[in-house]
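*Asks:* First, the structure itself, so that you have it in front of you.
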Amino acid sequence: MNYLNKIRIENPLTICYTNDVVKNFTANGLLSIGASPAMSEAPEEAEEFYKVAQALLINIGTLTAQNEQDIIAIAQTANEAGLPIVFDPVAVGASTYRKQFCKLLLKSAKVSVIKGNASEILALIDDTATMKGTDSDANLDAVAIAKKAYAIYKTAIVITGKEDVIVQDNKAIVLANGSPLLARVTGAGCLLGGVIAGFLFRETEPDIEALIEAVSVFNIAAEVAAENENCGGPGTFSPLLLDTLYHLNETTYQQRIRIQEVE
């Protein structure tokens with residue numbers, strides 16, 4: 001857990017432009033791993049913040065016409081500052097409006113990581129793809145989708161699901177940790193986007209090992225939380241997840257990580 005240990009020592013400032021539903025949970029999750037979250041949204045202060053920040057999360061869960069230009073502006077400011085961006089195109093396939101905005105953002109700024117479920121990433125590479133919501137997934141080939149997205153956007157791809165797929169540096173990794181309860185908590189996937197950002201340390205071309213550790217730390221913590229005798233369902237799972245992120249140690253991490261490199 002080299003990256004998590006570094007986070008716990010250095011408390012990296014992680015800027016989160018995220019959706020209104022998940023701000024509190026995302027901030028608390030980042031605090032639990034040792035990062036310092038800032039839920040800053042004003043383009044007017046971005047230049048100053050981004051000089052000292054370590055990464056920026058952009059999550060479009062509550063995209064509106066009023067915040068479109070702000071998102072483009074902060075992404076471009078992050079590029080100018082050399083700040084890595086984790087982009088979470090929430091429900092991109094649910095509407096033409098979302099898809100058009102995501103395409104515009106990806107043309108207007110360079111992101112370091114695109115993170116979403118298989119349907120969301122498919123919607124970014126296939127104009128005919130649609131989805132029913134943020135958790136839609138129709139038995140898609142996540143590895144193939146991730147590889148194609150990586151080839152198109154030339155950026156790291158993280159696809160979440162029953163198994164998670166990471167493609168970066170022309171490598172494809174499948175991770176098999178996690179808990180079904182993650183799908184029963186609004187904002188769990190959004191928090192993962194923030195966690196990934198917390199692991200980047202101003203690396204605009206992140207090492208695949210940082211991405212593997214970020215996703216695995218989150219999902220192993222979810223497993224441990226779900227197995228806790230005090231976990232009775234989604235309501236008790238959420239705080240236990242935060243507690244487990246806070247306490248996770250190297251022994252548990254190494255014993256539980258399930259990882260496979262694929263062709």
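Heads up, the Cβ atoms here are built off N, Cα and C, so glycines get one too.
Bear in mind that the values here come from a model prediction, so they are computed numbers and not experimental data.
In case it's useful when we look at the structure, here is the feature table from Swiss-Prot:
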BINDING   MET39, GLY187  substrate binding site
BINDING   LYS115, THR160  ATP binding site
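For each feature listed, report its degree of burial, its nearest neighbours and the pertinent distances within the displayed model.
*Replies:* In sequence order, VAL21, VAL22, PHE25, THR26 make up the list of same-chain residues 6 or more apart from GLY187 (substrate binding site) whose Cβ falls under 8 Å from its Cβ.
A strand conformation is recorded for LYS115 (ATP binding site) in the three-state DSSP classification. All protein chains considered, the CB of LYS115 (ATP binding site) has 31 other CB atoms within 10 Å.
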*Asks:* Which site among MET39, THR160 has the most other CB atoms no more than 10 Å from its CB, taking these as binding-site residues?
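*Replies:* The largest 10 Å Cβ neighbour count belongs to THR160.
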